[in-house]
């Protein structure tokens, strides 16, 4: 079964220092709408709205967080691409049936209370892809 994505939800950008990153992005003319800590993911998130899309600046809150490990290995930069979907559970099941390598077989709670799940980059041409279901 082929399913449609709703749209790009956000681009996640890993940063070493959230305050410094906010100054840079605000200097470009963007406005941070909210800052939130997601303890379960060991990350602090600054949300910049760009039309219907978002940029999320991601700062690690612990040395063992996925963002800290990413920065240590690759440096600051684009961490993931998030796609807005409906019924994330069925999307994950479909991808699993098709043989995609899933980091999350079941959704978890992300920033803003969204249901999220990641697909492994080895299954998606080297891109960490996040599926994201939000209440409209």
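Here the Cβ of each residue, glycine as well, is placed from N, Cα and C on the backbone.
What Swiss-Prot lists as Co(2+) binding site is 10, 80, 130, and the listing cites similarity to another entry. Taken from Swiss-Prot, the feature domain 'VOC' applies to 7-134, supported by sequence analysis.
Swiss-Prot feature annotations superimposed on the structure.
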residue : record              : Cβ within 10 Å
10      : Co(2+) binding site : 25
80      : Co(2+) binding site : 21
130     : Co(2+) binding site : 25
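Apart from 10, 80, 130, the residues listed for Co(2+), the same chain places the Cβ atoms of 9, 11, 12, 56, 79, 81, 82, 83, 116, 128, 129, 132 within 8 Å of the centroid of those Cβ atoms.
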